[in-house]
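Report on the following structure.
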Amino acid sequence: MNRIAVMTSGGDCPGMNAAIRSVVRTGIANGLEVFGIEQGYKGLMENRIKLLESKDVANMIQRGGTFLKSARSLEFKTDEGQQMAVGNLEANGIEGLVVIGGDGSLTGARILHEKFGIKVVGLPGSIDNDIYGTSISIGVDTALNTICRAVDMINETASSHDRTFLIEVMGRNCGYLALMSAIASGAEAVIIPEVKYNIESIINKIKVRYVEGKSRSVVIVAEGAGSAYDIGKAFQLIGGFDTRITVLGHLQRGGAPSVFDRTLATRLGSAAVKGLIEGRTGVMAGLGNREISFTPLSEVLTKKRDLDETMLKIAEELSL
Ligand code: ADP
């Protein structure tokens with residue numbers, strides 16, 4: 001293997017740059033030429049592919065976002081689009097590909113592997129932590145730190161006015177960010193898509209806390225469980241609380257990656273290149289217990305991460 005390429009695709013996350021840097025430098029250290037594909041599958045179809053040198057990834061590990069840019073491409077979902085992408089890989093002599101992204105991007109990687117025989121290793125990049133085959137994805141730790149900083153700040157203003165704050169965090173099908181940030185920020189309640197919630201019982205619980213002398217309440221809502229605005233209205237109507245809503249939105253995706261994300265992305269990038277050199281393909285590199293492991297993309301994309309019931313129990317017990 002002489003030439004490999006790396007791309008970031010789908011939703012961006014902090015740590016993607018650190019992963020690209022690791023792929024580029026590990027590749028060069030092992031005698032490979034490493035190409036960067038701009039804007040994911042869109043750029044691959046448009047042949048926006050450039051040779052990257054070590055200096056191109058200097059000063060990159062600490063930057064959020066992705067300097068290769070990310071994109072979504074409907075055209076790549078078609079056979080025509082895929083043929084164009086494969087044609088460009090072949091025209092550039094690229095023998096191995098590292099795809100960094102979420103479930104959608106990894107599905108694209110699986111197709112390149114299964115349908116066209118392209119050697120591909122995926123890396124999990126998604127702040128939602130919804131990807132099977134890794135205990136944690138690139139970007140999750142940074143997003144959690146960002147959420148907690150925001151909740152800490154909101155907590156202070158909430159205390160000053162005896163207010164109830166509903167804070168909406170990202171997580172379409174997965175309440176991981178909401179659950180972990182609720183635990184880490186000491187929130188009174190958390191509402192996640194995996195668990196059916198009863199608004200009256202949450203309101204009653206908060207009322208008891210107010211009677212006991214608590215000055216404020218914070219409820220974390222995962223976006224997939226419902227709109228914080230709608231839930232907030234019910235809090236106001238049923239509970240009679242002075243309610244405020246904050247939707248954290250895209251600030252959760254930004255910012256400099258945490259030390260954990262920098263090192264995770266670096267380890268995964270290195271493993272991806274070494275995996276390709278060893279002949280691995282159609283797999284995703286992820287973090288197991290402490291070690292990096294490879295899971296077939298067919299498994300990654302058909303199995304679902306379980307909600308950590310222990311963490312759910314901890315969140316319930318500590319918010320009483
Ligand atoms: P993420 O990777 O963050 O989950 P998306 O779901 O938007 O983001 O997927 C990113 C890109 O991956 C899509 O724009 C598309 O080009 C490609 N992709 C997603 N799903 C498929 C699919 N079923 N077949 C082929 N390509 C796909």
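A Cβ is built for glycine as well, from the same backbone N, Cα and C atoms used for every other residue.
Automated prediction, rather than curation, is the source of TrEMBL annotations.
Computed from a predicted structure; not experimentally measured.
The ATP site recorded in TrEMBL includes Arg72, Ser73, Gly102, Asp103, Gly104, Ser105, and the single candidate from Gly11, Gly15, Gly171, Gly175 that the record places there is Gly11. Matching Glu188, Glu194, Glu223 to the substrate binding residues that TrEMBL gives (Ser126, Ile127, Asp128, Arg163, Met170, Gly171, Arg172, Arg244, His250, Leu251, Gln252, Arg253) identifies Glu223. According to its DSSP assignment, Ser105 (ATP binding site) is helical. Each residue contributes its Cα atom, and for Arg216 (ADP binding site) and Arg72 (ATP binding site) these two points are 41 Å apart. The Cβ of Gly102 (ATP binding site) has 22 neighbouring Cβ atoms from other residues within 10 Å, across all protein chains displayed. For the binding-site residues listed here (Val23, Ala187, Leu251), the lowest count of other CB atoms within 10 A around the CB belongs to Leu251. In three-state terms derived from DSSP, Asp128 (active site, proton acceptor) belongs to neither a helical nor a strand segment and is classed as coil.
A mean pLDDT of 96 is what the model gives for the domain 'Phosphofructokinase' (3-275).
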